[in-house]
Amino acid sequence: MLFSEPDSLLKLSAGLGLQWPDARGVFVGSSQGLYVWCNEEDHLRFCARGQGSDVKQLWQTVTAAMGAVEESAKTVGRSFCSSNHFGFTTSCPSRLGSALRVTITLKIPLLAKAVDLSALCRSLGLHCGSETVLGHSSVWQVSSGDCLGVSECDLLNTTMSGCRRLVVLEQLLEQGEGIYNNNNKQANKQTNKQTNNC
């Protein structure tokens, strides 16, 4: 949950290390897995982590925390740093819009060996992070794509359906089946379902 002093020349030249560590910190919520970074890169960054696949519950946790901050700001005549026209204000242009990033950790070692995982993720509207080896398995960080002009609900649904597709392809490889067969009814049935969890 902690963040460290910036050491990249790009971040330092942007002023992210000025007066370090004054006015910086981490708020840890009573809800397990909820925390808020204060003045790391953005003024506030709400984060929720959890085991399993209940992304909807994590989203509800973040939404409730943001709502509490919004209500508190209103009591002193302030508003949260958002705009109905431009979305949430962030320091990174890649997060303009909903400013939402969803990251899911997946164990997909066979799929990663069989295909260009970064290209496959891009085709699903996702970003593929670096590989981490835990024990004898490799895990990958798969994140949501661009959020400008995309609603939070659409971003969550795209991420969940894309990750579901990756898991189904991994399961097919585990069963010794091919993944390049467009007529594979199991893959199409399990991954073409609409996800309306928002």
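Placed from the backbone N, Cα and C atoms, the Cβ positions cover glycine too.
Residues belonging to the domain 'Phosphagen kinase C-terminal' (1-173) score a mean pLDDT of 86 in the model. According to TrEMBL, the domain 'Phosphagen kinase C-terminal' annotation covers 1-173.
Sequence annotations record features per position, and here TrEMBL assigns ATP binding site to R45, R101, V102, T103, I104, T105, E131, T132, V133, L134, G135, H136. Other C-beta atoms found within 10 angstroms of the C-beta of E131 (ATP binding site) number 13, with every protein chain shown included.
Listed in sequence order, V55, S143, S144, L155, L156, T159 are the same-chain residues six or more apart from V102 (ATP binding site) with CB atoms under 8 A from its CB. Cβ neighbour count for I104 (ATP binding site): 19 (other Cβ atoms within 10 Å of its Cβ, all protein chains included).
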